[in-house]
Structure formats: C-alpha cells, structure tokens
Amino acid sequence: MFVEYCVGLSGLVASGLFIYGLKAMSSPVTAVAGIVAAGYGMLFVVAATFLNLFNITPEARPNLLVNVGLGVVALLLGSLWAGWRGRTVQMTSMPQMVAIFNGMGGGSAAALAAVELLGNHDIPLLPLSVTVIGALIGCISLSGSLIAWAKLDGRIRKPFRFSGQRAFNAALFAATVVLAVLTVMRYATPSAELPRDLFFGAALLLGVCMTLPIGGADMPVLISLYNAFTGLAVGLEGYIMNDPALMIAGMVVGSSGTLLTALMAKAMNRSLTNVLFSNFGETGGSSKGPEGEMTAADPADAATTMRYGASVIIVPGYGLAVAQAQQKLYEFVKILVAAGVDVKFAIHPVAGRMPGHMNVLLAEAGVPYDMIYDMEDINDSFATTDAALIIGANDVVNPEALTDKASPIYGMPILNAYKAHQVFVIKRGSGTGYSGVENPLFFQKNCTMVFGDAQAVLSKMVEAVKALGST
Amino acid sequence: MFVEYCVGLSGLVASGLFIYGLKAMSSPVTAVAGIVAAGYGMLFVVAATFLNLFNITPEARPNLLVNVGLGVVALLLGSLWAGWRGRTVQMTSMPQMVAIFNGMGGGSAAALAAVELLGNHDIPLLPLSVTVIGALIGCISLSGSLIAWAKLDGRIRKPFRFSGQRAFNAALFAATVVLAVLTVMRYATPSAELPRDLFFGAALLLGVCMTLPIGGADMPVLISLYNAFTGLAVGLEGYIMNDPALMIAGMVVGSSGTLLTALMAKAMNRSLTNVLFSNFGETGGSSKGPEGEMTAADPADAATTMRYGASVIIVPGYGLAVAQAQQKLYEFVKILVAAGVDVKFAIHPVAGRMPGHMNVLLAEAGVPYDMIYDMEDINDSFATTDAALIIGANDVVNPEALTDKASPIYGMPILNAYKAHQVFVIKRGSGTGYSGVENPLFFQKNCTMVFGDAQAVLSKMVEAVKALGST
Amino acid sequence: MMASVTSMTFVIALYIFMLAAFTGYVVISRVPSILHTPLMSGSNFIHGIIVIGALNALFNATSIAEQAIGFVGVFLGAGNVMGGYVVTDRMLAMFRPSQKAEPARPEQEKPGQEKQGQP
Amino acid sequence: MMASVTSMTFVIALYIFMLAAFTGYVVISRVPSILHTPLMSGSNFIHGIIVIGALNALFNATSIAEQAIGFVGVFLGAGNVMGGYVVTDRMLAMFRPSQKAEPARPEQEKPGQEKQGQP
Ligand SMILES: NC(=O)c1ccc[n+]([C@@H]2O[C@H](COP(=O)([O-])OP(=O)(O)OC[C@H]3O[C@@H](n4cnc5c(N)ncnc54)[C@H](OP(=O)(O)O)[C@@H]3O)[C@@H](O)[C@H]2O)c1
Ligand SMILES: NC(=O)c1ccc[n+]([C@@H]2O[C@H](COP(=O)([O-])OP(=O)(O)OC[C@H]3O[C@@H](n4cnc5c(N)ncnc54)[C@H](OP(=O)(O)O)[C@@H]3O)[C@@H](O)[C@H]2O)c1
C-alpha cells in the first residue's frame, strides 16, 4: 500500500509539473524554466516507477532480475542514443528529429498495448477496446512519423502516388478496423493470435500509406498531428494501466497538439483536410514562368550598392535554411552595420518550413532580438528603405497575394518588400517556392536577381564589402 | 447501473459546460454565451439528479414521497426567492447580493455535511475528516458572508472591535479545530452528538468574529475570498458524495476565486493579509483637513461654465454610485454634447467599491462605450481639457499618490484631473474617501467645489443648462 | 452512498482536484478587471452545484432531523444557483455592445487575442 | 494490473480525460507562433511518460515475447523522453534574451500580459 501511494503521488506531482511546464512554454521568458520543471517531473516519476518492483505479479517474480536488467539497459540505450542525436542534430534538421522522437513515443505506446494483448490476461471488453484503439493510433503515429522523417531528411524525395490511392487507403483503413474488432473479440475465436498480429501489421501499414502521398513541405503540420496522435495513444494506454499520470500527460498533449496543428495550418492559410488530402504542396512545383525581364547582377555589385546605402531590410526565407547561410548572413550584416548602414531583419510568420523557423535560425547565428521585426511592425518601413535583400524567400514576398484573387496564396499577408527603392533577391534560379506560384516581384523594374546558392553568394558579398574597407 | 451512468455522465457534461462558461467569461464578447451555457449545464445536472430516486437506500424508501416533495418545494422556494431578489436588486447593491448567494452556497455545503454526520453511517476516517473540514469552511463562508452582507447593506454600520480581539479570534479558531478533531473521533467517544453540535456552532461563530472587525469598504475582497471558500467546501463535500462534478465545479471556483481575490487586492494596492488583519479601510475615515482654501460654487454657475467650454472630462467615483446619479449624469452629458461640447468619461480601474463598478453603472445608464476611456488612454488629455468634472470621486484623483511618499495611497496610479484648466468637484462635504486621506486637489486654485448630493447637484445642473437653450 | 460508477480512491480524487484547481487558475488568470464582478458572481453561481449534493442527501433522508437539514440545504443551494445566475446574467447584459447600438472600438473588446510576439 | 490506489471506473476516467483535454487546450491557446516548434517538441517530450507504462509492463513480463516487446517499448519511450527534452532545451536556449546580452524590447516578450480592456 505504501509503495502504491508513493507511486500514485509521484504521478500526481509529475503531471502537475508537466502542465506547469507547458503553460510556462507559452512565453519565451518562462519557457526554459518550464521545460526544466517538466524534466524534473519526468525524472521523478521514472525513478518512482522502480518502486513498483515491490509490487509485481507473482508469475513475473522469477524473471525479476532479468526484467529489471532489461529495463535499465533499454532506458540507458534509448536515452543515450536519443540524447546524443538530439544534442548533435543541426537546427535545420529539427523537424525530422522531432518526428523520430514522436514516432518512438507512438511505438512505445503500441508496444505497451502489444504486451497487454500478448498475455492472456482476462481483460474486460471496455479496457480491451481502449487498448486496441490506443494500439491503432500508436502504430499510425510510429510508422507515419518515420515516413515523415524520411521525407524531411531527403531519404524519400518524391511523394509516392498512384491513381486510386485514396480508395486504396480507405480500404486499408476499413480492413484495419475490421481486424481491430476481430482482435477485441479474440476471446470468442479459437485462434486469437492471427487477427491480432495482422491488426498490428495493418495499422503500421496504414500509417505509411497515409503519409506517403503528402508533400514534404506539409510535413511540419503532419508531425504536429502525429504528436497529438501519440498523446492520445498514451492517454488511452494510461487508462488500461490504471495510471492517471499517463492519462493526463497523454490527453493534455493530445488536445494541445490538435490545437497546435490547427493553429499551424491556419498560419499557412490552409485547412487540415486540405493538408491531408489535397497534395497542394507539390502541384506545379517546377512550373517556369516568363523569365525575359529578370535583371541579374553579380554578388559584388549588389553588395557594394548595399554597403553605400543608408538602410537595408533583410527578408530571410526557406532558402536561407536550405543553404545553411545564417552565419554568413550575419557576418555580412555586421560589416554593413559597422559601415553605418541601418540594417533590420523582417520576419514573416510562416517564412521557412516550420513556425518560428527563421527566428530559431537567426537566434542560432547570434542575431540580437532588436534587429528582428515582425511583419506588422516593419511593413510600413519598406517604402522608405533603400534596399530590401531577399534571401531564399519567395511566397512571403509575393505581391500577387495582395492583388490576384485567382492566386492560391491570395489573402495571405506578405512583407511589402516590393515597395523598397531597390530589391535584391538571392536564389539559385527561377524555382518557385512552397506554393508553386510565380512571383511577379522578380520581374519588377526595381528588382535585381543575384543567382546562386545563398551560402556561396553571401560569401562573395562578404568578400566584396571587406575589400571596400570601412570608409 | 444505467441510471448511475446517466447521472455520472450528466455531471461530466455539466462540469465541462461550467469550465467552458468560466473561460468564456474572460471577455465581454463571449461572457453572455458563457453564463448561458453554464446555466444549461446546471439545469441538466439538477434534472438528472432526480434519476437518483431509482437508486436510494432501502431505509429511505418509506420516506420517498415526503423527501421528493420536500426537495421540490425547497428547490422552488429557494430559486423563486433568489430569482426575485436577483432580478429586483439595484446595481449598487450587487456586492451584498452576491454575498448572500455565496453564503447560501456555503450553508448548503455545511448542511450536506451535517446530514452526513447525523446518520450514523460508518464513514472511514479519511472521508470523515474531509467532511468535517468541508463543514468548517462552509460554515465560515455562510456566517461570514451574512456579516459582509449586513455591513454592505448598512445594517451593521460600525466595525465591531475590542482590545484583544485578535487573540480572542485565535482562541476561537483553536477551539473550533479541537471540536472538529473530537467530531472526527466521535465513534470512539460515548456521546457523539455534543462535540459535533458544538463544532458547528463554533464554526459559525468563527465566521462572524472573523468578519466583524473588517471595514465595510474591504468587503468586496472578503466576499471574493468567501466565494473561494464555498467553492472549496463544495469540492470537499463532492469527494465524500463520490460526485466528481461537485469536486470539479467546487475546486475550479476555489482556485479561480483565490486568484480573483489576489487580483482584486492587488488592483487596490493592498495585500490579502493586510485586508484581513489591518483594518485600514476605517482608519481616520472622518479626519477633517484644512478647509480654508476650498472655493465653492453653485451648480448653475459650474454647469454654465461647462456648457460654454469646448471639452469636458468626467471622472465618476464611489459617490456617484451612492447617490444613484448615473442617469442624471448622462442626461446632463447628453445636453452638453448636443450643445457641441466634447465630453469624455475617464474611468479609474478601482473607482467605486468593486472592480468594474463604474463601467457597470454607466453601462446601466446607457452611456455608449466610445465615450468611456481607460486611465492610460485619457491621462494625457487632461492637460488640454477645459474642465474636469469629478463626481463623488476622491482617492482616484488624489495627486498625493504621485508625490507624497508618506501617504497610504502612495504609488497608486491616479487620473490626472488636477492638470485640467478648471476642475469641478461634486461631493456632499469635505468627507474623505475610502482611504481616509485628505485630497490636496480640492484646495488647488483651479478647483471649484460644488457641494451637495450628486443626484441633487446634477438635477440642478441639468435645469441650468436646459434654461440656457441650445444656442 | 451514491452511484458506484463514480466512486474513486483518495489518490484519484487528488488528481481530479489538482486538474480542477489548475483549470480554474488558467481560466481566470487573464480576466480584465472590468469583468471581476460578473466573474465573481458567475463562479458563485457555479458552486451552486452543491444543490445536487443536498438533493441526494435529502432523497436518502431517514429521520426528521435529516429531512429538516436536507430541506434547508436544498433551499440554500437552490438560492445560490438561481440568484447567482440571475445576477450574473443581468450584469453581463449591460456589457452587451449591441445595447447602445454603437459597436465602437470592437478591437478593444477582445483583450486576449493572440499576438505574434518577438522572441 | 497496477496499483489499486489509482484504479478508477470508466466514468471517472472520462472526467479525467475531459479535464486534461481542457487543460491542454487552454494552456496552448495563446502561444505565439514563434514558439510553435519548441512547444511541439516540448509536448512531444511530455508524452514520453509512456516509458513508465512500458517499464511496468516489462517488469511484469512472463514470457520471452513479452520481455522482447517490453524492451523495445522501454527503449522507444526512453528515446522519446530524452530526445524530446534535449531538443526542446536546445531550441529554447536560443530564445534566451541573455544570450546576446541585449535585453532589447523586453515588453514584447510577454505577449499575453493582462490588459485592462474597455467593455
Ligand atoms: N513556416 C511554416 O510553418 C510553414 C510550414 C510549411 C509551409 N510553409 C510555407 O512555406 C512558404 C514559406 O515561404 P518562403 O518565402 O520562406 O519560402 P518559399 O516560398 O518556399 O521560397 C523558397 C525559395 O528559396 C529558394 N532557394 C531554395 N534553396 C536555396 C538555396 N540553397 N539558396 C538560395 N535560394 C534557395 C527557392 O528558389 P530557387 O529554387 O530558385 O533557389 C525558393 O523560391 C510559405 O508558402 C508558407 O506557407 C510554411
Ligand atoms: N473598485 C474596487 O474594486 C474597490 C474595492 C474596494 C475599495 N476600493 C477603493 O475605493 C476607492 C475608490 O475611489 P473613489 O475615488 O471612487 O471613491 P472614494 O475615494 O471612496 O471617494 C468617494 C467620495 O464620494 C463622496 N460622496 C459620497 N457620497 C456622495 C453623494 N451621495 N454625493 C456626492 N458625493 C458623495 C465622498 O465625499 P463626501 O462624503 O464629502 O460626499 C467621498 O469623498 C479607492 O481608494 C479604492 O482603492 C476600490
């Protein structure tokens, strides 16, 4: 009894700390303290779980030592591997890393369900159903997250599509549900194992098939969705384990993750169904528009113009992240600032491929806060600025979003870079952005293209301005 | 079983609606929908409670009809009386009305506990203790709220104090706790009833004695505190009734009420201990300062000056509520506006005696939103305004708060009415406000006093400007 | 004493209390001070749910004393519910922007709107 | 299978789910979009608590199959916990205003501050 109380109360403390931590994470000022508090909660509750060793079932007692050994080894292996990966991963690969860790959680929930379904415990109908539902969601989250990881990491480059895919997925889903029902009724059937094993296989396959057709650019939204899925699975498995801490932590994540997914989709001007079923992220990704009127310049000329300008606003986009050029960019900016140029960064809320992507990147490069401006705060300044330097951004500066009702991005607020006296654009060629639409800004009179990889171009720019000296 | 499920789920729905309702109440736009949703939740859960009639204990079955009859009569009587009182009460009497309703809730929780303790149910130690603690808190809330009501309603005019009162209260509290412990141990003692009855008596007395010494002006904070108390009592009694809906609703109110109390105290520049133990609200309430330099004028003169001014800012305060003069005030304002005067209302966050007091009053009189300004928004405008009209406000325009470090209200932000070209003050005499400090503004050169009850003075002003015609 | 489908252990009760307390805290923490009074009476209304506890006690009353106290409990609880509701509703009705048909400064009426902040 | 002090009925479980879901909703509803990524990884970390469920299952394993699956479950869960924590911590560290020793625009860093609104 005493042990049970300790374990139960440790879960209470931990779930309280989790909620506190999540709440604290709603502001950058308190966020660090929040995650640390949640971390202590986790440490505490995991440690307390070992008290359950005084309480294991009689049948498991002979295996005690082996089981504990396995548990400790698994804990160490899992946390060391993930800790090492997490420490060393590059900031630009963050989304796929989160995808893996999330998939692991879903897998853990599915494994837990599998253990429950393995032993012929006499589980009543209701908990049994909950177990199976949790397993289904956990499996989808596991295999789906792995596909999302592979896509973001460039292991799967093309979305995998065939005609009738949607019908196939629907049929697969139906089959999985049927297998789930059969699994629940397994006590009534003579051969219990087959439907159960098939069920797990089908659920994993479902996650794969659901994720394959969705474009890589939509993956952040999907990862957030699978995050909510894992939370839900954890909550449901918590119920069958009679562990309210699992239920609470899982459900809190399930609901907050769902909301977060919706908020992300909204910030991208999309709906969730649109993300899941319309494959918008890939259509026309390679369409080329009229190129005739683009003016090109070489990096040194552009850099010199900016060096002798009075003010420059920098608009970073996804291309900056791809080129990993944030350090070089800041180096360039520091030289401009030293030369007396007034430099500001303008960040669009959905620049890049994940929310806050550019803020994270620039923060990593060491750009101070007070140089970074939100869209609302800076949009009026473009008209009075000498030069706007657009680096690997496209959709977020597309004036068509303001004017062309037929455009797929119509209605999205943009950064008014087109109003600047002179606009420089660094990009590799005439590739379109995420939405696949042409950007008329690039054909404007006051716009000069500087073609090349952002990292390479910026290196040349740095050299050029350095060569000018600081006079 | 079916009935039990229905009742259990009705509680689930109701507590969800309560939480939704409270959340919606955090913005004026959604608040009405929120309280309506919570109302439906309550209706639903009360109706579902009657399903428990299929489930009563065998011993109670012979009394079924009588009990149901009593229940229905009590429900009707209680809700009709309270509904009638709630509909007809004047807005200015709102705080004391809330106090009564809150006390009723506390009393209901205490009564529930009493019924539990009456029957010799074999309650285990833990629930028994929870019952008694809930009873204690409920009783304090009941009798304390009644005293608060009596004070606010003018039935008890003077705070009741004697030397050694604090020691007496401490002793009473100790005695109550001892009686509570005896009650919990009643199964061990031969005579069970005596300590229990004494306990209830002592708890009720404690509520009275705690509240008596606190000044009437501090009552709103105290009512909010007792509101949290009742919530806590309800939550605890919910535990012994095995009713999670009660637990949730009670605890939500318990915690939100505590926070609300702290926020209120903070808005008044006080701490909660300060409110409970220092009696600040009454000290020096009748001290008279130097009167020599006050300039007085009669209502007609003051009104005429304003009528021919270009701009007037009106600062309402507690005295407006006392005089119930909000309608007259708006009548006066409408005439000024018709005559082309630019009139604005400036509202201090703690003007009046409850938070948002002035907003409620002016809204009641029909003053449109766009004439009402927050302190931050209007404070810079006083310097460029022809006349400030202060009606029954005192502390909130006291410039001492800005300059005099020794003043008890030092540090409170004020409305800068003293900067206006000309200041008119409507009050009955030279009485001080809530904090009991003299207001140097009234002795300023540019300040003219218009003595009299606000309602009477404003009536005269209305007559005076009407007589001038609208030219 | 009541429905066994809602019976729970003490530890589970603590979890529920924790969650409820936290919920109350978050829900209220951003209320503007102009709404403090309606909020107070609104939460006052909500703890009126004690009336269903009192009703259950009265339904199971076996002695005159229990009936009497139960009756008082239900009466008080019903008063809390109805009074709290009516008073809150009346106050909130005054805050309705439509009342004066002047929907002025609507953006100020959503004090808690999400705002994209700078890190 | 686990401690009886935390056993609960289905209805009680629904109450807990409801409260937890609501809590998650309120807690997140005002997060600025710049924090969406750390928040995602932070909540990812939190559902890593599944590792204690997997640990309990492993501790009670009686067959090789149960031990194997339990081992995998604990491994995955531990990875979720540690990975989620490390990644979140790293990202949030970048948002620390002290990093660049330029505590500029601190008022923008509290996007959700209570604001006295006009009714
Ligand atoms: N932030 C989010 O949460 C999120 C999530 C998912 C999707 N989205 C969407 O992503 C878009 C973001 O807009 P954005 O303006 O940042 O990016 P974008 O519109 O996707 O444009 C990126 C541009 O960068 C260029 N580029 C690629 N690699 C480069 C390199 N190595 N060096 C230089 N340039 C390079 C590309 O042109 P070239 O090929 O010619 O070089 C491309 O036009 C929006 O449509 C948004 O809705 C946002
Ligand atoms: N809002 C809240 O939540 C709250 C709650 C509790 C306490 N408080 C405190 O209450 C104070 C509020 O300041 P306040 O400026 O509104 O009021 P105040 O400082 O209390 O002053 C009220 C003034 O009204 C005058 N008055 C009274 N009855 C009148 C009548 N019938 N006709 C005309 N005048 C009348 C009084 O002077 P005469 O006697 O000379 O007429 C008195 O000086 C602050 O100190 C605040 O901290 C606020």
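A Cβ is built for glycine as well, from the same backbone N, Cα and C atoms used for every other residue.
Annotated domain 'NADP transhydrogenase beta-like' per TrEMBL: A:10-463, in sequence order. As a whole-number mean, the pLDDT of the domain 'NADP transhydrogenase beta-like' (A:10-463) in this prediction is 87.
What TrEMBL lists as transmembrane segment is A:6-22 (among others).
The transmembrane segment annotation in TrEMBL covers A:29-52 (among others).
Per TrEMBL, transmembrane segment is recorded for A:64-84 (among others). Tertiary neighbourhood of the transmembrane segment (A:64-84): same-chain residues 46, 53, 56, 101, 104, selected by CB-CB distance under 8 Å and a gap of 6+ residues from either end.
Look at TrEMBL and you will find A:96-119 (among others) tagged as transmembrane segment.
As annotated by TrEMBL, transmembrane segment applies to A:125-149 (among others).
Taken from TrEMBL, the feature transmembrane segment covers A:170-188 (among others).
Using a Cβ-Cβ cut-off under 8 Å and counting only residues 6 or more beyond its ends in the same chain, the transmembrane segment (A:194-214) has close neighbours at 110, 114, 117, 132, 135-136, 139-148, 151, 156, 159-161, 165, 168-169, 172-173, 175-176, 179-180, 182-183, 186, 222, 275-276, 279, 281. Look at TrEMBL and you will find A:194-214 (among others) tagged as transmembrane segment.
For A:221-240 (among others), the entry in TrEMBL reads transmembrane segment.
Per TrEMBL, transmembrane segment is recorded for A:246-265 (among others).
The stretch from A:6-22, A:29-52, A:96-119, A:125-149, A:170-188 that makes the most Cβ contacts under 8 Å with the transmembrane segment (A:246-265) is A:6-22. Sequence-distant contacts of the transmembrane segment (A:29-52) (same chain, six or more residues past either end, CB-CB distance under 8 Å): 3, 6-7, 10-11, 13-18, 20-23, 75, 245. The stretch with the most CB contacts under 8 Å to the transmembrane segment (A:96-119), chosen from A:6-22, A:125-149, A:170-188, A:221-240, is A:125-149. Sequence-distant contacts of the transmembrane segment (A:170-188), counting only residues of its own chain at least 6 positions beyond either end whose CB sits under 8 Å from a CB of the stretch, comprise 117, 125, 128-129, 132-133, 136, 195-196, 198-199, 202-203, 205-206, 209.
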